[in-house]
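The Zn(2+) binding site annotation in Swiss-Prot covers C21, C24, C39, C42.
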Amino acid sequence: MAHESVWFSHPRNFGKGSRQCRVCSSHSGLIRKYDLNICRQCFRERASDIGFNKFR
């Protein structure tokens, strides 16, 4: 059994490893609310393009 076939052999159907940012493919800091699935860094860059407004 080669190393490549063992490395990602565990199914990732749930948990943090199953979800990633749709922009940069990062697993950390995901915003899942409203089915955004964008990490917080990418959200700050693209929030106004998506339609979010900052009140303050």
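Placement of Cβ uses the backbone N, Cα and C atoms for every residue, glycine included.
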Cβ packing number for C21 (Zn(2+) binding site), 10 Å threshold:
20
Other than its own, how many Cβ atoms are within 10 Å of the Cβ belonging to C39 (Zn(2+) binding site)?
20
Tell me the Cβ neighbour count for C42 (Zn(2+) binding site), meaning other Cβ atoms within 10 Å of its Cβ, over all protein chains shown.
18
Cβ contacts of C24 (Zn(2+) binding site) (under 8 Å, same chain, 6 or more positions away):
C39, Q41, C42
Starting from the Cβ centroid of C21, C24, C39, C42, which together make up the recorded Zn(2+) site, report each further residue of the same chain whose Cβ lies within 8 Å of that point, ordered by sequence.
Q20, R22, V23, S25, S26, G29, L30, I38, R40, Q41, F43
